Amino acid sequence: MLPGLALLLLAAWTARALEVPTDGNAGLLAEPQIAMFCGRLNMHMNVQNGKWDSDPSGTKTCIDTKEGILQYCQEVYPELQITNVVEANQPVTIQNWCKRGRKQCKTHPHFVIPYRCLVGEFVSDALLVPDKCKFLHQERMDVCETHLHWHTVAKETCSEKSTNLHDYGMLLPCGIDKFRGVEFVCCPLAEESDNVDSADAEEDDSDVWWGGADTDYADGSEDKVVEVAEEEEVAEVEEEEADDDEDDEDGDEVEEEAEEPYEEATERTTSIATTTTTTTESVEEVVREVCSEQAETGPCRAMISRWYFDVTEGKCAPFFYGGCGGNRNNFDTEEYCMAVCGSAMSQSLLKTTQEPLARDPVKLPTTAASTPDAVDKYLETPGDENEHAHFQKAKERLEAKHRERMSQVMREWEEAERQAKNLPKADKKAVIQHFQEKVESLEQEAANERQQLVETHMARVEAMLNDRRRLALENYITALQAVPPRPRHVFNMLKKYVRAEQKDRQHTLKHFEHVRMVDPKKAAQIRSQVMTHLRVIYERMNQSLSLLYNVPAVAEEIQDEVDELLQKEQNYSDDVLANMISEPRISYGNDALMPSLTETKTTVELLPVNGEFSLDDLQPWHSFGADSVPANTENEVEPVDARPAADRGLTTRPGSGLTNIKTEEISEVKMDAEFRHDSGYEVHHQKLVFFAEDVGSNKGAIIGLMVGGVVIATVIVITLVMLKKKQYTSIHHGVVEVDAAVTPEERHLSKMQQNGYENPTYKFFEQMQN
């Protein structure tokens, strides 16, 4: 019986995995899906062979909006009629992720949750209902929520019936990845636990798996991109630096031995974190010790949703795991966390965890314990290497607190309306107005707290980027000052410094793009500041690269590598700017009325006009060769003006030599007052090019429009007057002109006829004829 049931379940699962909508898609082997992992090119399912393929354009990476995900599905599957997207129920392991600008793809897998690209008219999933399981469904026509919300509703409904959620699917789409209901299958706890135990027994011989991170997580995370652009910057920056350290090819053997590969270190940390119990310890003591530990994110920066047992609350709570390190109080699901830790803790905690939670099934549960000082705690804590994780937790606590307060107000509102049924109409309106004002006040307060949280996070990220850039610049200068200087070491330090500057520029552009999407007016206000900051970055890079010419022997040896490095960075910059400035943005609602950056008259050009980016462009005042720089055995030469001829009038801080160079002198760029107050400026050779609107031409256009308007108004008035006169002259009111040559009797007869006189003779003959 059991083998037959297993074969039946396997066949049904295989049929569902290969199931695709039948809207003209006969012959497809797999369902259209896309997967994203920040820092790597997007992947999509090849519907012809059932394998994952990399992004065909070689430029698209993680997308942070559902509209963008839908558009990307339509781009990679142009022959299919993609109408919607929905997050998959289960994560998958995908290998061979490619990085933008790199030819070779890494072989180690990443664990992500893909998005299903729905084809044609929406059709609900066919769920398999095993024996002793129940099929349930919930619909709310007044609710339009995400996949995560309905998954939570299904899980809580099964928990209330003392069952486990076996499978689920969405019902009644109402937007992009939003639905009005869910269908799900609940199975008894005993059978689910048997299935879990059998699966664990096949995969691992140990009695208890403590939820530690596998090596597959060392460099990856689940692909849930739900935050705005600035919330992901720290994770992306640190992951990029880790990958850059892997790809660096140091020429010095000592450095290669000293520097440890990133993934080997994370694998060793993971293996230490997942060490099982020794034979001398009892299982209960170890479980109690593990479940009493605090949640740890770890040194990595992935954002994997996990659960840990909170001793103070007596239940499992969610947190974000970095992907490596941490401790063993780390579980995939809330059910598994409670199964391991709930039975091993004290009886009081056990009773607390076994009490059913009376929650509204259509309300999102609180994802983190809310405290009154949730934001204050984050603001008072100084920033550190775990800034992104701290920001995520603070944001979750803030949202949880806001949801709790809104729920409390709504309950009070319902109770007040129930009590005010018999009150006069004026009193009912007063009650409604009172609670409306209260809700608006809570919304405004939450918005202010969110803004304060984001601004603090942005400031800390900028400070972190500045510290890294300063450290990279100091290492670069130290490498140049070494006696004798090692060219390979100098190049590696220069490469890290250039990347640090590029990270700063990327962060600035990403922040500006986010502000432009959220608040176009504020983006227009900060545009000049962004442009000035980008120009300062290029000035600083020019001055730093000019130091390389003070050591001509090193400059000659690493010429090709530096050209290749700068060309690669320039190509990446072209892609970033093309995506952020030129790429059209699909939006829904009022956001679609926002003007595109490319439609404005202000032109932003952050790159050279000719598209080339090499050391010669950054150093037009020098050419490679030993003859171009006078020899100096002590490496003390006069500093070179690292700017084009048009900018050499700008004052800079003088320096006495390479040995006296300070980081602050290079990072500080002074601008002439006339340059700063000018309405527009233009800088070539990797400088910012900014064309402001011509104020004079605008005034002339306005005057011309005013004169034209006056002329048109005058013509209209004259035309109306003439028409009115013509209308008056055409009215006769029955007056008949009389010839002056007629006799007085005839004139008198005409007047009598005008006054109604009728000749009796004529009247007599008319009556006779009638």
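Just so it is clear, glycine is given a Cβ too, placed from its N, Cα and C backbone atoms.
Features as listed in Swiss-Prot:
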{"type": "DOMAIN", "residues": "374-565", "note": "domain 'E2'"}
{"type": "CARBOHYD", "residues": "Asn542", "note": "N-linked glycosylation site"}
{"type": "CARBOHYD", "residues": "Asn571", "note": "N-linked glycosylation site"}
{"type": "CARBOHYD", "residues": "Thr633", "note": "O-linked glycosylation site"}
{"type": "CARBOHYD", "residues": "Thr651", "note": "O-linked glycosylation site"}
{"type": "CARBOHYD", "residues": "Thr652", "note": "O-linked glycosylation site"}
{"type": "CARBOHYD", "residues": "Ser656", "note": "O-linked glycosylation site"}
{"type": "CARBOHYD", "residues": "Thr659", "note": "O-linked glycosylation site"}
{"type": "CARBOHYD", "residues": "Thr663", "note": "O-linked glycosylation site"}
{"type": "CARBOHYD", "residues": "Ser667", "note": "O-linked glycosylation site"}
{"type": "CARBOHYD", "residues": "Tyr681", "note": "O-linked glycosylation site"}
{"type": "REGION", "residues": "28-123", "note": "region 'GFLD subdomain'"}
{"type": "REGION", "residues": "523-540", "note": "region 'Collagen-binding'"}
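Taken residue by residue, the region 'GFLD subdomain' (28-123) breaks down under DSSP into 11 helix, 28 strand, 57 coil. In the structure as shown, the Cβ atom of Asn542 (N-linked glycosylation site) sits within 10 Å of 23 other Cβ atoms. Averaged over the region 'Collagen-binding' (523-540), the predicted model reaches a pLDDT of 85.
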